[in-house]
Amino acid sequence: MILNLFVQNGGSHKGAWRHSSTNVEEFHDVKYFQRLARRAEAARIDSLFIADGLSIEAKAVQHGPILGFEPLTLLSAIAAVTEKIGLIATVSTSFNEPYNVARLFASLDHISGGRAGWNMVTTGVERTAYNFGLETLPSHAERYERAAEFAEVALKLWDSWDGDALVQDKASGVYADPGKVRDIHHRGTHFSVRGALNVMRSPQGRPLLVQAGASDSGRSLAAKYAELIFTIQNSIDDAKLFYQDIKTRTAASGRSPDSIKVLPGLHVVVGATQEEAERKARELRKLGSIERAVMSISNLLGIDFSQYSLDDPFPELPDSSEVNAYQTFNHMIKKIVEKKKPTIRELLEKHWIGSGQLSIAGTPTQIADLMEHWFLSGAADGFSVMPQLSADEFLETVVPELQRRGLFPESYEGNTLRENLGLASVQ
C-alpha cells in the first residue's frame, strides 16, 4: 500500500484553522512544514503532496487560509531536512513553459537526492486566466492538448543529458561529454523548444510524473505519462471501475499496468473511540464557512452560486463533457444531486465544507479496516491521505496499525521516490 500525505494548513477541513488545537501562527513558518515532513518520514510515509493554484478571490481570504508558499520553494526547504520521503508539487501546464518546469523539477530532484514528483494539472479556474493576460480560460480540450505536448517536451528535456555525460576529468580538461548532451529540436502545436536542458540528468533520470484528472482527457493523459494518479472516489464500486479503466488505458498505451499507481483521496478524523472521532467531526462542521464553500464550488463548477438562495434546490448540472471548468468535480456533484436532490445548503454542508471526497471519522482500527478493504478489493494501490485536523494522530496510530497488518512497510526500501513506490527506474 502506498501512502501519500496531502499537506495543508492545519488540516484538510475548511474549518480546521479555527479549531482550538490549531496554531494558525505556524501557517507561514517554514519550520512548521519541516517538522511535519520529519514526522511523516519517521512514520515511513511515501510522499508529501502540496497542491497549488495561481489565483485567489480577494473576499475569500476572510474565511480561511488560501493556499500558501509556492510548492517547489517549500519542498526545497523540506528536502534539506529529510532524506527519504518523496516530494510532490502541483505545477500547471496551462500557465507555465516546459523548459522552466523541467529545470525546476530536475533541480528539486538533485537537491532531494531523487525524491521529486510533478503533479501535472491543466487548471480549470476561470479567474486564473486573468492573471496571465487572457480574457477567458482556454477550452478543456485545448488545455489537455497543451498538457500532453508539455509533458512530451519535459521528457525530451530530461532525456537531453545521458546519465554518464558528466566526466569532470581535470587532467583532460573535459567537464562533460558534449556527445552525450543533445538539443531536442521540438516543434509542435503549442511549443517550440530547442534545448538541451541546462541541468544535468537528475538522480531519478526523470522526476516522478503524477496526474489528478478523471475526465476522459485526464485519464488518457495519465495512462500515457503518469506514474501516480490522484483521484476523487466516494464509493468502492466507482473506485474499482476507475482503477480498471486506468490500468486498461495504461496497457493500451504500451505500458505495464503496474507502472501506474492509483491513489484515491481519503479524508480522516481519528479518535481513540468512535464517539471521540464523531465529536471532532461535529466540531469541524460547526467551524466550516458556508460562504467559503459557495465561492469554492462556484470556481470549481464555473457557476456563480451567489445568485441563488442557499435553500434553493441545487441546480441541474450539464453533462461533464460540456464543462470547461473541472469536469471531475462536475461529475461527482452531478451524481450526488441526481441521487439525493439536495438544496444548495444541504449539499455544501454535507459534501463540501468537510471534504467532498471519501471520508471517515473513526478509530485507527476502523480507518485501517476501510483502507484494507479498498486496497485488497482492487479499488486502490494506496491513498492520498488528508487528515481533517493535525496529521499526528494518523501518523501515530493508523500507520502502525497498517504496518501491524502487513499492509504498509516499516522502512524505506530505497533512496529515490520511484524505488520506494516499487516503480521501475528510468534508464
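Using the three backbone atoms N, Cα and C, a Cβ is placed for every residue, glycine included.
If you look up TrEMBL, you'll see D52, T90, H140, Y144, S215 marked as FMN binding site. A helical conformation is recorded for Y144 (FMN binding site) in the three-state DSSP classification.
According to TrEMBL, the domain 'Luciferase-like' annotation covers 17-378.
Confidence in the domain 'Luciferase-like' (17-378), given as mean pLDDT, stands at 93. Long-range Cβ contacts of T90 (FMN binding site) within its own chain (separation 6+, distance under 8 Å): F49, I50, A51, D52, P71, N119, V121, A212. Cβ neighbours within 10 Å of Y144 (FMN binding site), excluding its own Cβ and spanning all shown chains: 21.
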